[in-house]
Amino acid sequence: MPSITNKIDYMANGETSIRLEMDPVHTNHTHVTNTYPYISWNNSQIYNYYLPSEEISSENQMHIALVFHTYFTPIFIIIGAVGNTLTIFTLHRKNMCNWSICYYVTVYAVGNIFVLFLATGLAWVSSVANIKYVSDISDWGCKLWQFILRVMTYSGIWLVVAMMIDQYIYLWHPFKVGVMCNVFMAKFATVMIFVGLIVVSVHSMWTFELLPNGCYILHTPNDLHALIWPWVAVSFYSFIPILILIALIMLNICGLFLKNPRKRSSAQLQLPVDFTLSVLILATLFVLFVTPATVIHIIEFTLPVSWLNHADFMQKFQTAKIVCAFLVSLNPVIGFYILVSVSSKFRSELHGFTSSCWQEGSCFRRFTQIYEMQVNSNGSSTQLEYEHYSETTPL
C-alpha cells in the first residue's frame, strides 16, 4: 500500500464530504472520514474507521466517484443556480410579489444560490484545484466560516417551515389571511428565523478549531459544552423543524381536501390552489430527503464500537451515507422545477418574464433606461450645483 495520502472528496452540496485516505501510518488500511449536512452538528464530529481498503472500494469505484465529483458537480450547481434565479425573477413580478408565500419562496431561492455557490462551488474549486478550503486556511477563518455556513444552510429548512405555516393559515384560518399572511409578516418571520439561527450557531465561533486534519470541534474530557451543545444544535437544525413539517404537511393535505381555499375575504388574497400544492410537494420532498440523512447520522453517532469490525456492514453503511447525502443535495435544486411542473400560475408568469426579456428585450431596455436616468439625474444635479455656486459665490 502506498504511503502517499490520496483523497477523493464527494461534495454534493458543499456540506457533504466523504474522504478516502491512504493512511501513511496504517499502510494496510483505509482512513474514512465523513461529514453530513442537515443532520446537525455538521462537520463537528470525525469518525475514523480503519478497515481493509479492499473491503471499502475498488479502484474502479474510486475512479467513478472522482469523475462524478469533477464533472457532475458543476453541472449540478449550474442547473440549481439557473432554476433559483428564474424563481426569484418570476416571483418578483407584479402579479405574484404581493403574496407572502412568494416572499418565502424567493428568500429560499436566494439561500439556495448561496449554498450552491459558496458551499458547493467553493468546495468543488478547492478539490479540483487542489487548494485549501476556506475553513482550512486559518483558525479564525475556520470559526467564522462554520458560523456562516450553518446560518446559510439551515435557514432553508426553517423557511420551508414558514411556508407551511403560511399555507396552514391560508387553508384553515382564511379570515386571518389579511393580517397574518402579508409581505410585512413574511419579512418579520424571515428576520426572526435568521436571528434564531445566529443565536444557535454562534457557538461555532468558539467550539470549532483548525486541527491538522481540518476544521472540527476539539473534544476534551469532561467538556460538557462540546458534549451537550451538538445535541442542542441538532434539535434546532433538524429534529424540531422536521417534526413541525411533518405535522403541518398532514394538516395542509387535510386542508386541501376539507377546506375551500378559494373562499377568501378579499379577491386579492386568493392564491391559486396549484401554487399551494406545489409548495406542499416541495415541503414533502424536503422532509423525505433530509430525514434519512438525519437518521443515518444518529446511527453513526451512537454506533457501538464493536460494529466497526464488521467490514461488510461498514461498507454498506458508507454507501447508505453517500445516497442520503445525494438526496439532501437535491433540495437546493428542485424547487424551481416543482413550481414549473405543478403551478400553472407560475408557468404563466415565467412565460411572461422570459418573453419580455428574450423576445422583446424590454428587461434590458428597462435596465438601460434606469441607468441612463440615474446618469442624467446625477449630471443635472451637478450642473444645478455648479450654476448655484457660480451665481452666489464670488470667484
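We number each residue from 1, going along the chain as drawn.
The backbone N, Cα and C atoms fix where each Cβ goes, and this holds for glycine too.
As recorded in TrEMBL, the features of this protein are as follows:
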- 83-339: domain 'G-protein coupled receptors family 1 profile' (DOMAIN)
- 71-89: transmembrane segment (TRANSMEM)
- 101-124: transmembrane segment (TRANSMEM)
- 144-165: transmembrane segment (TRANSMEM)
- 186-208: transmembrane segment (TRANSMEM)
- 228-258: transmembrane segment (TRANSMEM)
- 279-299: transmembrane segment (TRANSMEM)
- 319-340: transmembrane segment (TRANSMEM)
Contact ranking winner - 101-124, 186-208, 228-258, 279-299 against the transmembrane segment (144-165), Cβ under 8 Å:
186-208
Quick one: average pLDDT across the domain 'G-protein coupled receptors family 1 profile' (83-339), no decimals.
88
